[in-house]
Amino acid sequence: MKYINTKAFAEEQDQNDPLSHFRSQFHFPVKADGSPKIYLCGNSLGLQPTQTSGYVQQELNDWAKFGVEGHTDAKTPWLTSHEDLAQPMAKIVGAKPEEVVIMNTLTVNLHLMMVSFYKPTQKKFKILIESDAFPSDKYAVESQLKFHNINPEDGLILWKPSEGEHLCRHEDFEELLETHKDEIALVMVGSTNYYSGQAFDLKRIAKRCQDENITVGFDLAHGAGNIQPNLHDIGADFAVWCTYKYLNSGPGSIGGCFVHEKHIQNQSINRFVGWWGHNKDSRFNMRVGFDPTPTADGWQLSNPPILSLAGTRSSLDLFEKAGFENLRRKSVKLTGFLEFLIDELNNTDISILTPRSPEERGCQLSIQMKNADRSLFDQLTAQGVVADWREPDVIRIAPAPLYNSFTDVYEFVQLLKLCLYGN
Ligand SMILES: *Cc1c(COP(=O)(O)O)cnc(C)c1O
């Protein structure tokens, strides 16, 4: 795609964008003068769809009207409310509906999955993760090691970028696996790294793990709604994600979880269980032994938070309307435009840490600003840009294809210029 560094070009792209009408279906935070801020932070918290309040209000009304009978009489009966979300969510992560369950939150699901899929033995007990994993993932993995009386110093293998680099090389992953294959019990990596924006080749990682008979799970926090990870086909054993970043379901909203179908009926896999994972037919007959639902639902513990499900339903309805492939097509163009404009600044202090190839990234670019400090970011914030700053000198910009425009991206770079060079 050929880009031009003008506002007219950005506006023309917006006019020709078949998804441009979705923008008006989101609430944008506004500046003091009432105009919308330039929101480029969907990697942290997605914006609120305007229709979400209606979805939530419906549940409140049904609760008011029916009380406990809302479980069966609500517009979306609460008893089965999560079930019809599995289908649209499965499309987003490339799974079969029976492999997907919407439950809990990300870190909780990660622990539940490790309870089932991290099976250390005397010899094979190590966990491999990427070195720049999100802190919560690292804490979760370390605490699982400790839970099995393994010192994280002995049990953790870090996949690191080479000296002086920011990205992890797959060759290094493969070398680590070759060296440690007899000791590794689990590989758990983020599908798209939260810091660098690097999207790993999940197929390549999964294949290598399968060749060595090593369990592999993915954290899709920055992947779900951003890239399509094809979980079923690549044969991931499990995956977990949140829905409040690119999936716009609301702060702290309910998470997602994938269990590959090859494991679902395997009764030898242990799990932590609760009543909501019990077969629906006899769930309310409280005197029988645990009989898991023969889908990923069998990993559920509790009855789900209906208000969070309402936010998730609203969001997934929008994704269904937009079509994930259309979103991804726009995303590649939009982020490519951002990359082009940053390159046009021709400033040797500014570099893009994220890979240059669209296949190796989602929508986020992590931009390193040498010799800058937080004051630059604070200036941008004062100008109405919502982005994310990571110490010491990285700004993360994530144009979300569902609601961001080419003009947003253009204006962001204009403001960056203003903050860097003055008028
Ligand atoms: C956002 C994020 C989390 C957040 O975890 P919660 O349990 O939803 O609070 C965890 N891991 C990664 C990689 C994330 O990006």
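Cβ from N, Cα, C; glycine included.
Since this is a predicted model, take the numbers as computed values, not measurements.
In this structure, F134 (pyridoxal 5'-phosphate binding site) belongs to neither helix nor strand by DSSP; it is coil. The pyridoxal 5'-phosphate binding site annotation in TrEMBL covers L106, T107, F134, P135, S136, D137, D219, H222, Y244, W275, N303.
Annotation source TrEMBL lists N6-(pyridoxal phosphate)lysine at K245. Taking Cβ-Cβ distances under 8 Å and a sequence separation of 6 or more, the neighbours of K245 (N6-(pyridoxal phosphate)lysine) in its chain are G42, N43, S44, L45, G46, A221, H222, A224, G225, N226.
Taking a Cβ distance under 6 Å to any atom of ligand 1 as the criterion, the binding-site residues F134, D219, Y244, N303 reduce to F134, D219. A simple way to gauge crowding: the CB of N303 (pyridoxal 5'-phosphate binding site) has 16 other CB atoms within 10 angstroms, across all the protein chains here.
Look at L106 (pyridoxal 5'-phosphate binding site): DSSP puts it in a helix. In the structure as shown, the Cβ atom of D219 (pyridoxal 5'-phosphate binding site) sits within 10 Å of 30 other Cβ atoms.
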